[in-house]
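Worksheet: one structure, shown below.
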Amino acid sequence: MTVKYKINELFQTIQGEGAFTGQPSIFIRLQGCPVGCSWCDTKHTWEIDPSLVISSTDLLNKKQESEHWSQLSADDMVKLFKLQNYSARHIVITGGEPCMVDLTPLCDTFESLGYSCQIETSGTFEIKTSKNCWVTVSPKVNMKGGYAILNSAMQRANEIKHPVATEQHVDDLKALLSEHNITDKPIYLQPISQKQRATELAIQTCIENNWRLSIQVHKYIGIE
Ligand code: SF4
């Protein structure tokens, strides 16, 4: 049976975060997230309202963020890439929380066509994806939804990208790395909301710990 995914957005841009910063990428944003981060900048993806289903044409024509979503298979999405003449060969699957569903069929289809895949997840759901998919875990600790960070997600991560605004966030990350015995993965600190204090804290903490800085380049250069 063909698997259909709930898609909030599909667009081509430059990846602005983590190890793939600067990489032309097709972003696929899935609808649905129960994690409940207070500073979330994609709250319009949280609810899955069946009355807000739209066509793939309306999805591509979205001019602003909305809670509308479209139901698409991997093949449907490949057709849209062609229709839009997308040139990027890297696909970023994000959300919402994309790991609420099994992403393996989606990544298998894309990879069979020569695309590379990356998923961005909060680490609170079991990660089901292809073996070669690059997994970015951005662990969301102690959020309102009450979900714990899964050890399996931390172990599967190819990179860990942690949002940071306060010392508490740094302490949370250190505790998490220690709890899951993570010693050999690239760690990125990402200042929340481009605030100066958060950025300074991230720079200082990266230098102290030999971690890397991720500054959401797309927001500084004014692209999606
Ligand atoms: S996990 Fe991501 S989409 Fe979900 S609430 Fe947190 S920041 Fe928002």
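Using N, Cα and C of the backbone, Cβ positions are placed for all residues, glycine too.
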Given that TrEMBL lists W39, C40, D41, S138, P139, K140 as binding S-adenosyl-L-methionine, which residue among G96, G114 does it place in the same site?
G96
Determine which residues of this chain, when I14, Q15, G16, R29, T94 are set aside, have a Cβ within 8 Å of the centroid of the substrate site's Cβ atoms, and list them as they appear in the sequence.
T13, E17, S25, F27, V92, H218, E224
Could you say whether, by DSSP, T42 (Mg(2+) binding site) belongs to a helix, a strand or a coil region?
coil
Largest pairwise Cα distance, Å, within the listed S-adenosyl-L-methionine binders W39, C40, D41, G96, S138, P139, K140?
15
Among C33, W39, D41, G96, the binding-site residues whose C-beta sits under 6 Å from ligand 1:
C33, G96
To test your reading of the [4Fe-4S] cluster site: which residues beyond C33, C37, C40, same chain only, put their Cβ within 8 Å of the Cβ centroid of those residues?
V35, G36, T42, K43, T45, W46, E97, S122, K140, M143
